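These features come from TrEMBL:
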- Glu93: active site, proton acceptor (ACT_SITE)
- 99-329: domain 'Radical SAM core' (DOMAIN)
- Cys113, Cys117, Cys120: [4Fe-4S] cluster binding site (BINDING)
- Gly160, Glu161, Ser192, Ser215, Leu216, His217, Asn291: S-adenosyl-L-methionine binding site (BINDING)
- Cys334: active site, S-methylcysteine intermediate (ACT_SITE)
- 347-371: region 'Disordered' (REGION)
Amino acid sequence: MEKTDIKSMDYPELSAFLTGMGEKSFRAGQIYQWLHEKLAQSFSEMTNLSAALRERLNESCELTCLEPVEILTSRIDGTQKYLFRLADGNVIESVLMKYHHGNSVCISSQAGCRMGCRFCASTIGGLKRNLTPAELLEQVYQIRRLSGERVSNVVLMGTGEPLDNYENVKKFICMLSDERGQNISGRNITLSTCGIVPNIYRLAKEGLQITLALSLHASSQEKRRDLMPIANKYSLDQVMEACRSYYDLTGRRLTFEYSLVGGVNDTVRDAQELAGLVRGMNCHINLIPVNPIEERSYVQSDKKTILKFKNKLENYGINVTIRREMGRDVNGACGQLRRHYIEETKDTHSLQDTGQTGPICPKGTESEEEI
Ligand code: SAH
């Protein structure tokens, strides 16, 4: 019999599950607190439950925990990059960033990604699978346990496209902000998307209070299509319309992410077009100097160009920041640590086992579902 993934259950589901086992409903409160507030890693820690109940839970439920494979700490800014192994052998990465105003954790929403953005390392091996609510939560929990740090902000900006794993991500956000658990307010959670338009409309109606960050990266449909294949499916106009609607429904200020790629999208003309695109919107633009990855030839814009771009936007009265490069010495860019790990283990496999040089996961395991 397959075991129940108890950590992926929200409070009402846990309550129904326990009542179904013939337990009193107050047990749900106790167990939810052990799992999501006290961050227990085994049923044996749950000392206010009877030994018999702990035994029954142990037999019927699985307690998802992430195994740390590697933790790298930046000597530049203290950023910590974590590589975790999932129960099925897939690896994912998460990051702890320390700021004056509190700690922020950046988590992955999928193992791999199928969005294909040209400058992103996360997408190179394709999508392996969606992460479960428990695996999403555990990235935050495991970082809290291992670092001993409090976490005040969570950003869905790691590997994967959160709106391509909609239901699990939604549940994760609700559970993370549940006051019986970590109680991290929606206002301190940011979801970054490449622009899956129907799901932006859906998200706007959930009443979550989270910040939406849209990966824009270009101010014309043509340039955006060259950088981001998703633009073939949803045009720039459609995505901007969806963002306006998100703001109208939620009242939450939007963030636009714009990765500056040398010689591609970084001219003064690009900045002017970008200003035109967001005119009248309550938004903030986050410029990200592209983090070069080995597999692609993109280069960073030089400092002068970046500042010129920023100034131009500011002249139009737009709120702009340049993202501080966190942990560049520890494979800071999206998906780089995971990518390196997969490459290294692939070499080991190919030398010792099969001599193959292809991906370690057989092709058939990649999802081919339509977006
Ligand atoms: N799938 C989500 C989350 C991706 S990661 C999305 O597309 O928004 C968060 C941000 O980092 C995105 O804006 C992404 O486009 C950007 N990014 C990825 N790789 C990058 C790189 N090498 N340099 C700069 N920005 C990068």
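Yeah, the Cβs are placed from backbone N, Cα and C, and that goes for glycine too.
Note that TrEMBL annotation is computational and uncurated.
Annotated features, which come from TrEMBL, shown on the structure.
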residue: Cys117; record: [4Fe-4S] cluster binding site; Cβ contacts under 8 Å, 6 or more apart: Thr123, Cys194, Ser215, His217, Leu227, Met228, Pro229, Ile230
residue: Gly160; record: S-adenosyl-L-methionine binding site; Cβ contacts under 8 Å, 6 or more apart: Ser108, Ser109, Gln110, Ala111, Gly112, Cys113, Ser122, Leu127, Asn130, Leu131
residue: Glu161; record: S-adenosyl-L-methionine binding site; Cβ contacts under 8 Å, 6 or more apart: Ser109, Gln110, Cys113, Arg114, Met115, Thr193, Cys194, Ile196
residue: Ser192; record: S-adenosyl-L-methionine binding site; Cβ contacts under 8 Å, 6 or more apart: Val155, Leu156, Met157, Pro162, Ala213, Leu214, Ser215, Glu257
Of Glu93, Leu216, Asn291, which is closest to Cys120 ([4Fe-4S] cluster binding site) if I measure between C-alpha atoms? They're all recorded positions. Asn291
Rounded Cα separation (Å) that holds between Glu93 (active site, proton acceptor) and Asn291 (S-adenosyl-L-methionine binding site): 17
What span in Å does the S-adenosyl-L-methionine site cover, taken as the longest CA to CA distance among Gly160, Glu161, Ser192, Ser215, Leu216, His217, Asn291? 19
Under 6 Å from ligand 1 by Cβ, which recorded positions from Glu93, Cys120, Leu216, Asn291? Cys120, Asn291
Using a 10 Å radius around its CB, how many other CB atoms surround His217 (S-adenosyl-L-methionine binding site)? 26
Mean pLDDT for the domain 'Radical SAM core' (99-329), rounded to an integer? 96
Under DSSP, is Cys117 ([4Fe-4S] cluster binding site) helix, strand or coil? coil
